[in-house]
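Have a look at the structure below, then the notes.
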Amino acid sequence: MSDKKSRFWTPSKSKWLLGIPIGGFVFAILGAAAMVAFHVTMEASSTNAFCYSCHVGMDTIVEEYEASPHFSNRHGVKADCADCHISKEFVPKMETKIKAIADIYYQLIGTINMENFEQERLRLAQHVWDEMKANDSRECRSCHEPTRWDLAAAPTRIRVNHQKVLNGEGTCIDCHAGIAHKLPQKQ
Ligand code: HEC
Ligand code: HEC
Ligand code: HEC
Ligand code: HEC
C-alpha cells in the first residue's frame, strides 16, 4: 500500500500544486455562501416588511390591504403581498424579481407619490390585471383550489358563477378585482 501511489491524490513536491485542492475547497465555500445569500435575498424580498418599506407613505395600498379580509379574517389565515404578486414557481418568480429592480429606480425618482397616486393607479392596476388574466390568476390558485369547491353547498349566486371557472369560461380576476385594494377611480 505504502509504495503504491494513489491514482487520485499524490502529495506533490511542488507546493503550488497544493493550490488545486485548496482552491477547490475555497471555491466550494464561496459557492455555498453565494447560494445562502441568494436564498436569503429571495426570502427577504418576499416579506411584507420589504414591500412596506417603499409602499407605506408612497401610496395607500398597504392601508387598504390591512383593512381587507386577506389581511385579517375570522380564520386568521393571511395572504401576504407576495402571495398574490409573486409566483411560487421559480421562473416566473425570477421574472417578477428582475422586473421589480426597475421599481427601485422609479422609487428613487419618485414616479408614484401620495399626490399623483390616484391618477397613476389605473395604469398600475391594469398591469396587474393583464398579468393575472394572462396567467389564469395563478397566484390566487395557490390558496383557492377550484377543484375543491363544494359548489353544491354554495349559494346559487356563487354556484352559477364558479361553475363557469370549472368550465374554463372565466378566471378569478374577471370577477374579483378590488379584493385587497380599492379599485382605481373611473377616469
Ligand atoms: C424599492 C421600492 C419598492 C419596493 C421594495 C416594492 N415596491 Fe412595488 N412599486 C414601487 C414603485 C416605485 C412602483 C411604481 C412603478 C411604476 O411607476 O411603474 C411599484 C409598483 C408596484 C406594483 C404595480 C405595478 C406592477 O409592477 O405590477 C405592484 C403590484 C407592486 N409594486 C407590488 C410590490 C410588492 C408585492 C412588493 C414586495 C414584495 C413591492 N412592490 C416592493 C416600489 C417598490
Ligand atoms: C395566501 C392565500 C390566499 C391567496 C394567495 C389568495 N387568497 Fe383569497 N382568501 C384567502 C383566505 C384565507 C380567505 C378567507 C377570508 C375570510 O375568511 O373571510 C380569502 C377570501 C377571499 C374572497 C372572499 C372575501 C372577499 O374579499 O370578498 C375572495 C373573493 C377571494 N379570496 C379571492 C381571491 C383572489 C381573486 C385571489 C388572487 C388575486 C386570492 N383570493 C388570493 C386566502 C388567499
Ligand atoms: C364569473 C364570475 C366569477 C369568477 C370567474 C370567479 N368568481 Fe368567485 N365569486 C363570484 C361571485 C358572484 C361570488 C359571490 C360574491 C358575493 O356574493 O358578494 C363569489 C364568491 C367567491 C368567494 C367567497 C365565497 C364565500 O363562500 O363567501 C371566494 C373565496 C371566491 N369567489 C374565489 C374565487 C376564485 C379563487 C376564483 C378563481 C379560481 C373565482 N372566485 C372566480 C364570481 C366569480
Ligand atoms: C389577495 C391578493 C392581494 C394581496 C394580498 C395584495 N394584492 Fe396588490 N393587487 C391585487 C390585485 C388583484 C390588484 C389589481 C387591482 C385590483 O383589482 O385591486 C392589485 C394591485 C396592486 C397594485 C397596483 C395599484 C392598484 O391600486 O391597483 C399595487 C402597487 C399593489 N397591488 C401592491 C400590493 C402590496 C404592496 C401588497 C401588500 C401590502 C399587496 N398588493 C397585497 C391583489 C393583492
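Quick reminder: no glycine exception, Cβ is built from N, Cα and C everywhere.
Copied over from TrEMBL, here are the features:
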| type | residues | note |
| --- | --- | --- |
| TRANSMEM | 16-38 | transmembrane segment |
| DOMAIN | 25-185 | domain 'NapC/NirT cytochrome c N-terminal' |
| BINDING | CYS51, CYS54, MET58, ASP103 | heme 1 binding site |
| BINDING | CYS81, CYS84, HIS85, HIS181 | heme 2 binding site |
| BINDING | ASP103 | menaquinol binding site |
| BINDING | CYS140, CYS143, HIS144 | heme 3 binding site |
| BINDING | CYS172, CYS175, HIS176 | heme 4 binding site |
Whole-number Å value for how far MET58 (heme 1 binding site) lies from CYS84 (heme 2 binding site) (Cα to Cα): 20
Integer Å distance between the CA atoms belonging to CYS81 (heme 2 binding site) and CYS54 (heme 1 binding site): 13
Where the C-beta lies under 6 angstroms from ligand 4, the matching binding-site residues among CYS51, CYS140, CYS143, CYS172: CYS51
CYS81, CYS84, HIS85, HIS181 excluded, remaining Cβ within 8 Å of their centroid (heme 2): CYS51, ILE61, TYR65, ALA79, ALA82, ASP83, VAL128, ALA180
In the chain carrying HIS181 (heme 2 binding site), residues 6 or more apart in sequence that have Cβ under 8 angstroms from it: ILE61, GLU64, TYR65, SER68, ALA125
Nonlocal residues around CYS51 (heme 1 binding site), in sequence order (Cβ under 8 Å, 6 or more apart): VAL62, CYS81, ALA82
Euclidean distance between Cα atoms of CYS140 (heme 3 binding site) and CYS175 (heme 4 binding site), Å: 13
C-beta crowding around HIS144 (heme 3 binding site), within 10 angstroms: 13
Whole-number Å value for how far ASP103 (heme 1 binding site) lies from HIS144 (heme 3 binding site) (Cα to Cα): 29
Close-lying binding-site residues around ligand 2 among HIS85, CYS140, CYS143, CYS175, HIS181, where CB distance stays under 6 Å: CYS140, CYS143
